[in-house]
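Reading through the structure tokens given below for one structure.
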Amino acid sequence: MLREIVARQDWQTQAITAVNRLPAHTPLFSWRSEAAARDDLASPSRTLLDGEWRFSFFEAPELVPEHWLVEDLPDACAIKVPGNWQLDAAYPGLRLATDVPIYTNIKYPFPCDPPRVPAENPTGCYSREFSVPADWLASGQTRIIFDGVDSAFHLFCNGRWVGYSQDSRLPAEFDLTSFLCGGDNRLAVLVLRWSDGSYLEDQDMWRMSGIFRSVSLLHKPVRHLMDIRVTPELDACYRDGRLKIALQAANGAGLSVAACLYDGGERVATLRQPIGTQAIDEKGAYDDRAECWLEVAAPRKWSAETPHLYRLTLTLLDEQGEPIESEAYDVGFRAVEIRGGLLRVNGQPLLIRGANRHEHDVASGHVVTPAAIEQDLLLMKRHNFNSVRCSHYPNHPELYRLCDRLGLYVVDEANLETHGMTPMGRLARDPAWSNAFLERVTRMVARDFNHPSIIIWSLGNESGYGPAHDAMYGWVKRADPSRPVQYEGGGADTPATDIICPMYARTHQDQPFPAVPKWALAKWIGLPGETRPLILCEYAHAMGNSLGGYAHYWQAFRDHPRLQGGFVWDWVDQGLDKLTDDGRHFWAYGGDFGDTPNDRQFCCNGLVFPDRTPHPALFEARRAQQPFGLTLLERQPLTVEIRSEYLFRETDNERLQWRLCEDGVVVSQGECPLTLAPQGSMMLTLLERLPAFAPGALAWLDLAIVQPAATPWSAVGHEVARQQCMLPAPLSLPVARTPATFIELADGWQIRAAASEWRLDKASGRVQSWCKLGREQLKEAIADHFYRAPLDNDIGTSEADHADPNAWIARWQEAGLNELQHRCLDMVVSPDQGVVTVHHGYFVGDALKLLTRWRHEFDQDGAMRLAIEVQVAAEMPSLPRIGARLWLTDEVLATGEEVSWLGRGPHENYPDRLLAADLGRWQSPLDVLHTAYVFPTDNGLRCDTRQLQLGSIEVEGLFHFSLSRFSQQQLAQARHQTDLVAEGGLHLCLDGFHMGIGGDDSWSQSVRPEYWLQPGGYYWNCVLR
């Protein structure tokens, strides 16, 4: 039998997507009492088959022996289900060196020849024994449900073929009733790594295989509920509700259904209705279906802010009114519509604070547990996200249940992407693939229909545009008129989308690509005849050290009502845990498993690291998206305005806390409750008079809105919003200075003052030694610094085998920034004034590219005052930084001693990503100043610093700084954090100016021009003590 089944090669026939698979439906549990269904108790009718299975591997399905159907093979090993076999420690797949995790963004991981896939098609053979209760065998129907198998599989039970399925992200359900026997039953599942379905699953993610979601058995009585779709409706005033229930029953003649709606423990609506419908057409009515409505006066509404849920139970009753089985669903009363060019929930226009989320676990790959899903969603809620896009496939069922309960809007997306096709829409225009396309959305809608959190259906991602999408759109709009549909392919504004949903369109700049232009956002919504809302399905590419310019998007969203937000790309770095040869853990990306083709670290685009530790960029997103506006109105008296962006919630759990600070020291503080209606505002006077601030001081007002009580997603004292408002202080007067003592040497100058002694080298013009209390502070001379270890956004290309000549790294290399030759052009020493002035030239060949003038003032109190002018040649590109580098000795910072600074913090920040980095007096251990991005780059900058205390060294002025055990050169050469080796000493970068990091995308020059360091003149200064 196995030979005949394999010989059919269903897995490379696009017209065959399944054989004997049951129709898709909403989740079923077959509770045998209405009370159990109401209380969501474990159902005895459902049994999990997760756990240890047996596993054998073959290089192709044709090599699997026939007798595997009835007995395990000698080489079979234990394997965990759910799991990806490439990540299972017991997997003996080293026999096929290419069967490893593969990361590729666009390219198919095999030759592109649809619907054919390679003959060398890794095949996993899963098996296990199970038994079922005797009463299951006696009557009713026993089903098996595979929640997710990648990419296709044949199912056998007790040596007999049951069926076939593909589409790795939706359930495959089969009727096992006729295959079962008493005692032990044997399941055998032949899983193929590649299938024609793989051409439709070309998402930007790791490609791995296996039974990666749960497997379960479900027993249903002979007469049972087959499918139930629940549609909440609100009247035109969004006050009263009605619940439409459409259901289908097997063998339903003479039966009836009882529906009960509960609000907590209170029953609020009931009805009983016989199975059967009114006449549908001239041929009559359905005898296995029913439609009914529950009227509910003034129900509590569901939204992401107020996720109130009712519980609906449906009980199938026999002719005598006795219960047969019950099903139940969480219900949220909410209305989704597009009206007046705006996406609305319950009449109010939304602002989508969204994230794209892949299902990814650092250890188990595509296997995500309910606890891990909850961790992600709680982090999102705590960082002011209100929406999640299931990119790019239907998710684990638990995600939707939790979004219903915690309060997050969901874009549910079909498992469809053909990014690697040329043209991208090739398959969408081929009628032979139409059914495969359509089925991907119809089955998703069937499974997820009842979740109130789902407010938008998505037809998939990056699959071009063709008649298949029109068919998908038309089917969804007919099957579910209660939700809009979106689809980005074909230019983001085709007839197959209700929402303009571009990816990586910019606030300020047109990108006129052929066939699929991306207009500047405000321009797009103003195009003639365009009335749809615009919501970015992807924006702010958070790859490594990124998210520069994020605040500009949020200013645009608030300035233009039809710009209704978007979904950051993306939530988590898709790094996988791997060991170095010497046993150290690191996060692997494309190529680290020997996988080809690969797109390197392009899988690491997250706001959180693989272990869910936040990137510094996550704090920027939280601040930009916060649901309150806080504005300083007047200084005398100190008056602020608070504006709520909540659409549905009153501020019943929010208090305002405020602090008045001078140079980081709190001089006054207080708090008060907030009583704001939804979208309301209020003014508060905090102080009648401001205190007098010291001359030259930094003074500011910190405002924070906190929740005094815990919520289902936050702890006591959770901070929802924060704002810092600068306050004026008198200017300080310059202090008279006394020059230090100068001693001329043969090759330089020695300067002594207080506890410090410096040596200037005549040949280089640089400070090459600095002793304090007899201890050397420098490992090499202080020098100009113009380079940074390239960021992912600087590298600028997502393709592993293409260089991008317009990328910043390429432009810097072309300009010779990596090979500048230094010459001291002149040095003028004025001992009586305590001043040394040096001109430095930086050349590529004979061409002068950079000219700097360093004015050193050495004071008797031990201070070296630096005033630095920089002239950048006209032909140079924007520089990454303009500053100075100091390689300090280890003695500068004692073991365990912390670094403190007065400036922006506490987390890493850059000139175009500092909205959330408040001024303060911060302290941090040295190692915390280093941000360990999966792919090492420049990191750890702190901007707008006035004072830096680094052990024995103090720096004053206005500068940015970073401090690391690793040089920029080592960071530039490393590929993983485990490649970094402490070089001895500390690398201190003091920057007068630093170019932005960008982040609109990671494959073009995404740094906004106002954050470039253009050719021209620059001046900065600082004081070293």
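Cβ atoms are placed via backbone N, Cα and C, with glycine included.
Under 8 Å, Cβ to Cβ, and six or more positions away along its own chain, Glu462 (active site, proton donor) finds Asp202, His392, Glu417, Thr418, His419, Met424, Glu488, Gly489. For Glu462, the entry in Swiss-Prot reads active site, proton donor.
Residues within less than 8 Å, Cβ to Cβ, of Glu538 (active site, nucleophile) and separated from it by at least 6 positions along the same chain comprise Asn356, Ser391, Glu488, Met503, Tyr504, Gly566, Phe567, Val568, Trp569, Asp570. The feature active site, nucleophile is assigned by Swiss-Prot to Glu538.
Under DSSP, Asp204 (Na(+) binding site) is assigned to coil, being neither helix nor strand in the three-state scheme. For Asp204 (Na(+) binding site), other Cβ atoms within 10 Å of its Cβ number 24. Residues annotated as substrate binding site in Swiss-Prot: Asn105, Asp204, Glu462, Glu538, Tyr539, Ala540, His541, Asn605, Trp1003.
The Cβ of Asn605 (Na(+) binding site) has 27 other Cβ atoms within 10 Å, all protein chains considered. Residues or ranges marked as Na(+) binding site by Swiss-Prot on the basis of sequence analysis: Asp204, Phe602, Asn605.
Here Swiss-Prot flags Glu417, His419, Glu462 as Mg(2+) 1 binding site, drawing on sequence analysis. Reduced to three states, the DSSP call for His419 (Mg(2+) 1 binding site) is coil.
As annotated by Swiss-Prot, site 'Transition state stabilizer' applies to His358 (among others), with the evidence given as sequence analysis. DSSP gives His358 (site 'Transition state stabilizer') a coil state; it is part of no helix or strand. Long-range neighbours of His358 (site 'Transition state stabilizer') (same chain, six or more residues apart, CB within less than 8 Å of its CB): Gln203, Met205, Ser391, Asp570, Trp571, Val572, Gln574.
DSSP assigns His392 (site 'Transition state stabilizer') to coil in the three-state reduction, outside any helix or strand. For His392 (among others), the entry in Swiss-Prot reads site 'Transition state stabilizer'.
Of the listed recorded positions His392, His419, His541, the Cβ environment within 10 Å is emptiest of other Cβ atoms at His419. Counting other Cβ atoms within 10 Å of each Cβ, the binding-site residues Asn105, Tyr539 show the lowest value at Asn105.
Counted within 10 Å of its Cβ, the other Cβ atoms near Trp1003 (substrate binding site) come to 20, all protein chains included. Closest by Cα distance to His541 (substrate binding site), from the binding-site residues Asp204, Phe602, Asn605, is Asn605.
Residue environment of Phe602 (Na(+) binding site) contains 25 other Cβ atoms, counted within 10 Å of its Cβ in all protein chains. When the CA atoms are compared, the binding-site residues lying within 10 A of Asn105 (substrate binding site) are Asp204, Phe602, out of the candidates Asp204, Phe602, Asn605. Distances between the Cα of Tyr539 (substrate binding site) and those of the binding-site residues Asp204, Phe602, Asn605 are shortest for Asn605. Annotation note: Phe602 (Na(+) binding site) sits in a helical segment as assigned by DSSP.
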